[in-house]
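Lifted from TrEMBL, the feature list:
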- A:6-31: transmembrane segment (TRANSMEM)
- A:38-59: transmembrane segment (TRANSMEM)
- A:65-85: transmembrane segment (TRANSMEM)
- A:92-110: transmembrane segment (TRANSMEM)
- A:151-171: transmembrane segment (TRANSMEM)
- A:204-225: transmembrane segment (TRANSMEM)
- A:237-256: transmembrane segment (TRANSMEM)
- A:263-285: transmembrane segment (TRANSMEM)
- A:291-307: transmembrane segment (TRANSMEM)
Amino acid sequence: MDYSSILSSAIGELISPTTAAYALAALGLAVHFGYSGLLNFGQAGFMAVGAYGFAISTLTFGVPFFVGLLIAVVASAVFALVLGIPTLRLRADYLAIVTIAAAEIVRYLVTTSGWTAVTGSANGLADFEDGFYSMNPFPEGSYLGMNNRDFFIRVVGWGLVVVCCVLIWLLMRSPWGRVLKGIREDENAVRSLGKNVYAYKMQALIIGGSLGALAGMVFTLPRGAVQPSNYGTELTFFLWTCLLLGGMATVLGPVIGAMMFWVVLSLTQGVLTGLIESGAVTWLSTIQAGQLRYILVGIALMLLMIFRPQGVFGNKKELAFA
Amino acid sequence: MSMHAKDSTERGIDYMTDTRPIAAGGNTPGCKKRDPIVVAENVSRSFGGINAVDVEYLEIPRHKITALIGPNGAGKTTLFNLLTGFDTPNSGKWQFEGNSLAGVSSYKVARMGMVRTFQLTKVMGKLTVMENMRLGGSSQPGERLSKALFKGLWGGREKEITAQANVLLEKFKLDAKKDDYAASLSGGQRKLLEMARSLMVQPKLVMLDEPMAGVNPALTQSLLDHIKNLKAEGMTVLFVEHDMNMVRHIADWVVVMAEGKIVAEGPPGEVMKNPAVIDAYLGAHHDVDLGDAEGIKELEAELEADEESVVGTEDAGILSVDVIAAEVAQEKEQK
Ligand SMILES: Nc1ncnc2c1ncn2[C@@H]1O[C@H](COP(=O)(O)OP(=O)(O)O)[C@@H](O)[C@H]1O
Ligand SMILES: [Mg+2]
């Protein structure tokens, strides 16, 4: 078995743009659930809105990169409003149901063949990333073993993660963040103190959703393609896994959680494939190995919930239930 | 007496010793008050055919401490919910300081200065006691998203709020707990925290739903004094309480509810002699005065004859009216 290549591909996952995208989207979930108690089970929908918002405005309307970025974020904010207006006055579970459904609706809308010219239906869209890479300040060459494009997207993706983490940290230590945490605990108590709970929940939903939209773009740019199948319900649940791994009401938790998620997936894949190829394991095909690792992730998550329910970074005291 | 008391004295009236009559006429149920802060008319709320609240007319006197009493299920909590916008009545209108409140959302009611606590205590368990208190602070610019990022814009106000919270926490004997998570507090301490937090809003009217339930008896005396002192600071208090001793000790005015209706009103001494009140509470045992020790002894003697009565058990000497009422109701059912 080639341990060094297994290890180096795991380290590669640590800083891959996909991991950065997962970190951003999971940070959005932390804003929703960890800080505000909003159950968003449709973060994949927000990512899809961001990715398609950017790709469609670039390809169909030919707007420059930053206008496309703005459109993607605004579209996700509108998506949040549409979901939030009818549900945020109701109990928390309504939002959960509506977000699951809405994310699926988004996926079906971009898959339907009626709008193939705009959405590309099941094949998705491609070739919208030139505007982004044309801004690449790094000349061609090798950067830590990467070409300049790969290096650029990592710098931008992780730069975005750092900026968003700092912003969310600043927000959550402010009185505004305190009101959100109060709402998470008991929204009627917060109402009785004269705070407009509905407005706060809406703001949190929009901010977390915008992080999802940015994640969708970071996810999609290095691939050079958006496809509906990338934004299924399982994506949302992987994001929840990252959040639970790292710790819910923390800023670094979702980031570390996303890194752990991808490193563990990569390591198990590498080890299992190595074992199969060396003939040590004969009862498993490489395809089955790919599926087995998700089962292992599930088991790891269960063990985590039992032995460290607050996540790696979470504060145990914050879990003390009344 | 506090500084605030001096302020109010300077304006000519000391609310602590103000003895002018509270009612404008006779002390009848639904009577007009000389200076009402809340006026409610025909407020009704039913749950599946049962009229939980059916108040024809009620005024709450300003700068006074009013006790709202009545047996369990009388509709006191529901009335609180209706007045503060946490529930919507089937009909009726009500106003606070002359502003109609029908259809006004609960957070706006609180901002207008009408702040309530909950019978089932609501503290934010995963926030510290101090953070709970700060949440009550008003006009904190940092609570706006547009200013939250810049500590320079809200740090100053935060210091003021913290100072205000420290004073209240000390009064409520919670200062040693201020950095603990609220989830670690006992039931009584949570009641205290909730009350202190509601005072952070600096309300004009504070509505306390069973503030003493579960509070350590050693603390109740000083707490009663704090509630009394709220009057000196110009606040009006409306509270629900089952402990008649407490009602007698601090209330200027008592409103009695039974089966959703206001059945009696008046100063505590007078109300506790009122047969309608005793009726509402106890069904039988008419001819006693709950307001004085003689009457209570009489009642205890009478209850001792009843096998089901709690008097003579470990509760002896504590006249816990709601327990007795429940017992009596049970007794009636058995007959
Ligand atoms: N949400 C509700 N649904 C159905 N019935 C309720 C509800 N809230 C209160 N009630 C009923 O209304 C009546 C008054 O209750 P409540 O206001 O809690 O009484 P109190 O506070 O005086 O003990 C009771 O009969 C209670 O069962
Ligand atoms: Mg009640």
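In case you wondered, yes, glycine gets a Cβ from its N, Cα and C as well.
With Cβ pairs under 8 Å as the measure, the transmembrane segment (A:38-59) is packed most heavily against A:204-225, out of A:6-31, A:151-171, A:204-225, A:263-285, A:291-307. Using the rule of three or more Cβ pairs under 8 Å, pairs at least 6 apart in sequence, the transmembrane segment (A:237-256) is not in contact with the transmembrane segment (A:65-85).
Ranked by Cβ pairs under 8 Å to the transmembrane segment (A:6-31), the stretches A:65-85, A:151-171, A:291-307 are led by A:151-171.
Pairs of Cβ atoms less than 8 Å apart link the transmembrane segment (A:291-307) most often to A:263-285, out of A:65-85, A:92-110, A:204-225, A:263-285.
Non-local neighbours of the transmembrane segment (A:92-110) in the same chain are 37-46, 48-49, 52, 79, 82-84, 86, 119-121, 124, 205, 228, 231-233, 236; each lies 6+ residues outside the stretch with a CB under 8 Å from one of its CB atoms.
Residues 15-17, 20-21, 23-24, 27, 30-31, 132-133, 136-138, 143-144, 177, 207, 211, 214, 218, 221-222, 251-252, 255 of the same chain lie 6+ residues outside the transmembrane segment (A:151-171) yet bring a C-beta within less than 8 angstroms of a C-beta in it.
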